[in-house]
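Undergrad: Below are the features listed in Swiss-Prot for this protein:
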- 24-199: domain 'EngB-type G' (DOMAIN)
- 32-39, 59-63, 77-80, 144-147, 178-180: GTP binding site (BINDING)
- Ser39, Thr61: Mg(2+) binding site (BINDING)
Amino acid sequence: MSLLIEQARYHLSAHNARQLPDDGGYEVAFAGRSNAGKSSALNALTRQNALARVSKTPGRTQQLVFFQIQPERYLVDLPGYGYAKVPQDLQAHWQAFIDRYFRTREALRGLVVVMDIRHPLKDYDLQMLGYAAERGLPAHGLLTKADKLGRGQQMQTLQKVKKEVTSRFGDSVTVQTYSGESRQGVDELRGIVGGWLGLDGAPPAAEGEPGQAP
């Protein structure tokens, strides 16, 4: 499975619904605040240093970016949200586009919400998780930059976030800790994403794996 994910290549960028690929197959979307480490997580997932552009200026992703793994197997990088310098009219366009994508996209099989472990579950994070819940889609909370906290603080935050999302969304949301610096949690993330994409030999990550809340 990991070798298949490593085949991901840039496919297209969509600024509006007309530019989306045909609605078939399997897609996993990645959402997150502009400085949460979304692009870095995509690069680590695929073992590529520059698949998703990592910018020093938050909010540079201004469209839905599709990375193709196999025919009709895509990773989708959503625009980063919550960055004040993005013009309001552009924010409104993104909001309407993403809303339509979540409500109508049949190929969408799961959502990864990328959150800085030090600042999890902001309003937009909860909104994204709510989109998935409304569609009955599984979601996965990726608590990035775990290396910034000690092990005890990591586990405390993990359990707190798990409790909060369970109270709001039931058992459709899983959560794990992750660090791009130490590569903590990369295999767990691959298990989740690979399972949603239906890749050969990619079973979903099991309950209680290291880095995940039970």
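Heads up, residue numbers simply count up from 1 along the chain you see.
Each residue, glycine too, has its Cβ placed from N, Cα and C.
As the structure is a computational prediction, the values presented were derived from the model and not from experiment.
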Undergrad: Here the binding-site residues are Lys38, Lys145; which one has the lowest number of other Cβ atoms no more than 10 Å from its Cβ?
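TA: Ranked by other Cβ atoms within 10 Å, the binding-site residues Lys38, Lys145 bottom out at Lys145.
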Undergrad: Let me know the most crowded of the binding-site residues, choosing from Asn35, Ser39 and counting other Cβ atoms within 10 Å.
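TA: Of the binding-site residues Asn35, Ser39, the highest Cβ count within 10 Å belongs to Ser39.
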Undergrad: Ser39 (Mg(2+) binding site): which of the binding-site residues Gln63, Pro79, Tyr178 is the nearest Cα neighbour?
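TA: When the Cα distances are compared, Pro79 comes out closest.
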Undergrad: Helix, strand or coil for Lys145 (GTP binding site)? Use DSSP.
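TA: Looking at the DSSP assignment, Lys145 (GTP binding site) belongs to neither helix nor strand, so coil.
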